[in-house]
């Protein structure tokens with residue numbers, strides 16, 4: 001029974017490989033999207049060749065190869081939109097797709113070719129490219145009801161506005177009572193002055209008459 005399971009494991013490794021699949025990588029149309037892929041580099045001799053391809057990783061190499069490196073630099077590239085912006089000497093072979101389109105969505109294979117039997121590191125990554133969200137809210141449109149309501153409000157405000165001339169603070173009377181008393185005093189002062197003059201004239205005339213009569217009486221004696 002044990003040899004059967006060993007043979008099954010060998011066949012599984014041979015036809016499926018050591019595949020690491022994570023959560024989908026999401027991007028937006030028109031922007032750059034990066035597909036992460038790294039391998040361990042402890043020494044300079046660990047730096048090795050690798051390739052990126054469309055579709056799941058096959059048993060050997062990459063199907064529909066879009067990019068390949070010799071471990072130090074890119075040796076094959078299907079499009080200038082495919083870039084390796086990580087540090088290759090440290091095992092960072094993440095793929096960046098510039099100006100992503102909806103057609104870039106799908107499954108990608110990152111295959112790091114490690115020497116030995118069935119030692120290649122194979123990562124299958126699913127890429128989802130979404131369209132940019134746009135706001136559907138448009139400019140506020142004023143309906144005839146809004147226009148008429150605004151006009152009515154304007155008419156109402158103009159109706160209740162005061163129609164009398166405005167009086168500034170500097171022109172306003174300081175005290176109504178003072179103004180009233182001043183006016184009364186101006187009206188009564190001429191009358192009292194005239195009456196006093198009349199009384200004085202009457203007294204003067206009486207005294208003059210008495211003086212004349214006294215002179216006449218004194219001459220007659």
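Cβ from N, Cα, C; glycine included.
Taken from TrEMBL, the feature signal peptide applies to 1-21. Per TrEMBL, domain 'Ig-like' is recorded for 3-126. Look at TrEMBL and you will find 195-217 tagged as transmembrane segment.
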DSSP-derived helix, strand and coil totals, residue by residue, for the domain 'Ig-like' (3-126): 22 helix, 46 strand, 56 coil
Arithmetic mean of per-residue pLDDT over the domain 'Ig-like' (3-126): 88
